[in-house]
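Features as listed in Swiss-Prot:
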type: ACT_SITE; residues: ASP228; note: active site, proton acceptor
type: BINDING; residues: LYS123; note: ATP binding site
type: REGION; residues: 352-385; note: region 'Disordered'
type: REGION; residues: 404-445; note: region 'Disordered'
type: MOTIF; residues: 399-408; note: motif 'Nuclear export signal'
Amino acid sequence: MGKVNVAKLRYMSRDDFRVLTAVEMGMKNHEIVPCSLIASIASLKHGGCNKILRELVKHKLIAWERTKTVQGYRLTNAGYDYLALKTLSSRQVVESVGNQMGVGKESDIYIVANEAGQQLALKLHRLGRTSFRNLKNKRDYHKHRHNVSWLYLSRLSAMKEFAYMKALYERKFPVPKPIDYNRHAVIMELINGYPLCQIHHVEDPASVYDEAMELIVKLGNHGLIHGDFNEFNLMLDKDDHITMIDFPQMVSTSHPNAEWYFDRDVKCIREFFMKRFSYESELYPTFSDIRKEDSLDVEVSASGYTKEMQADDELLHPVGPDDKITETEEDSDFTFSDEEMLEKAKVWRSELEKEADPADESGGSWCCSSTDSKQIKDGGLPEESAHVSSFEVTALSQAVEEMERQVLPHRSVTEFSEESRRTENDGQPGQRSPAGSEDCDDEPPHLIALSSVNREFRPFRDEESMSSVTRHRTRTLSVTSAGSALSCSTIPPELVKQKVKRQLTRQQKAAARRRLQKGEANVFTKQRRENMQNIKSSLEAASFWGD
């Protein structure tokens with residue numbers, strides 16, 4: 001894990017990066033990627049995958065490993081750096097790479113420049129350089145995976161840091177401006193300052209101390225705790241202002257150990273100022289001083305904020321007083337209307353039984369009295385009475401529907417079919433059954449009334465609607481099928497030729513790919529040759545001793 005040597009980057013071809021990317025893709029589910037898989041993923045046009053692999057091994061971009069069961073290649077940190085730099089250069093973010101500025105336990109910092117000559121900072125994450133025995137317990141990069149690669153963890157760390165940096169920069173926190181990221185590389189603004197650990201004299205230690213403590217509290221108010229807030233992750237410019245760096249290990253204030261992390265950050269700053277600048281203050285923040293203003297931990301998914309906590313937060317939001325009033329009003333209106341409907345239906349049914357004529361009862365139809373109809377026609381009925389009458393008619397129809405639901409389940413299918421046939425016979429003129437017939441006595445009067453009403457509302461269709469053609473049928477009619485009787489095919493012959501040619505080309509490419517994969521997978525041939533050589537040498541030794 002030395003310095004990045006980008007001198008060979010300009011001489012690498014497209015096929016070299018294709019094979020390097022194939023090794024990276026194979027490492028998603030392989031610790032050691034076999035040669036056959038690399039050849040099939042790369043799918044080089046002219047072959048030669050083994051030759052490129054040997055060149056990449058020579059330049060230490062990949063490494064050859066062989067165990068008792070498998071043998072193949074794995075990606076190194078240098079190869080991962082080349083892939084990230086190639087992508088950033090294609091995006092026109094990085095044009096040149098300069099000197100190394102700093103080395104940390106988890107990252108390397110380099111000076112880079114874009115096409116305009118503006119200097120930026122390149123941070124390459126190097127998780128796994130030092131021993132992290134409890135990494136799975138301290139960081140949540142791996143989620144629920146048991147076996148993870150250090151390259152993959154470095155990529156997750158860079159992605160998380162870029163997300164934090166972007167969110168904090170948009171909220172006016174003193175952090176570098178994020179530019180771009182790819183894989184384990186993060187491009188950010190180059191800060192003109194020095195780390196706080198390298199500074200031995202400050203004009204006003206109290207102001208710097210207050211600014212650091214205010215920054216800790218401000219992070220807590222936004223739902224975040226730095227987790228590693230010390231002199232190594234703070235930079236001081238010429239005006240003695242603090243800039244915060246290196247925060248992929250941030251945790252949420254909802255974390256079970258949030259108070260411990262908060263107190264540790266405060267303790268680190270207090271001890272540093274007391275040792276370096278001989279400054280000690282009795283004023284320092286505590287975890288209870290946090291007043292949450294924003295949920296930045298939810299936005300960037302900080303450690304400790306789970307989906308269960310998010311669901312609990314949604315349940316904890318109380319319903320406003322307006323919502324409660326609306327719900328109670330809706331429930332009360334619905335209950336009152338239902339009771340009133342039933343009462344009105346009972347009253348109206350009793351009145352109909354008293355005032356209805358025998359002929360109307362036998363015929364199964366009901367109507368209003370002559371005086372009421374006359375008043376309605378003349379318009380002499382007041383508005384309130386008209387409204388009440390319309391409401392009562394609606395209530396009666398609803399009551400009739402309720403009675404239908406009670407009667408129909410107890411009737412058999414044959415009875416229902418016989419009733420439908422009798423209803424059809426009743427609908428024909430001159431064939432109406434007498435009032436005292438058995439059919440009418442067996443059937444409830446309201447069912448006969450509904451059947452007569454339904455016959456009055458049958459759909460009406462004129463001649464134009466009967467002769468119209470469905471629209472989607474007209475769209476499928478082609479000119480050749482409608483106007484030509486000589487040809488039965490509706491597909492142009494040119495299109496048929498193109499499809500056949502495309503299919504043949506696809507088959508040829510598939511066959512070439514299979515031959516390429518078979519030719520590249522020469523590891524087994526090498527093993528057979530070694531075994532034959534061992535057998536031959538053992539036989540020669542046996543014949544030499546005369547056995």
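Don't overthink the numbers, they just go from 1 along the chain as shown.
Yeah, the Cβs are placed from backbone N, Cα and C, and that goes for glycine too.
Residues within less than 8 Å, Cβ to Cβ, of the residue listed as 'ATP binding site' and separated from it by at least 6 positions along the same chain comprise SER107, ASP108, ILE109, ALA158, GLU161, ALA185, VAL186, ILE187, MET188. When other Cβ atoms within 10 Å of the Cβ of the residue listed as 'active site, proton acceptor' are tallied across all protein chains shown, the result is 16. Within the model, the motif 'Nuclear export signal' (399-408) carries an average pLDDT of 55. Under the three-state DSSP scheme, LYS123 (ATP binding site) falls in the strand class.
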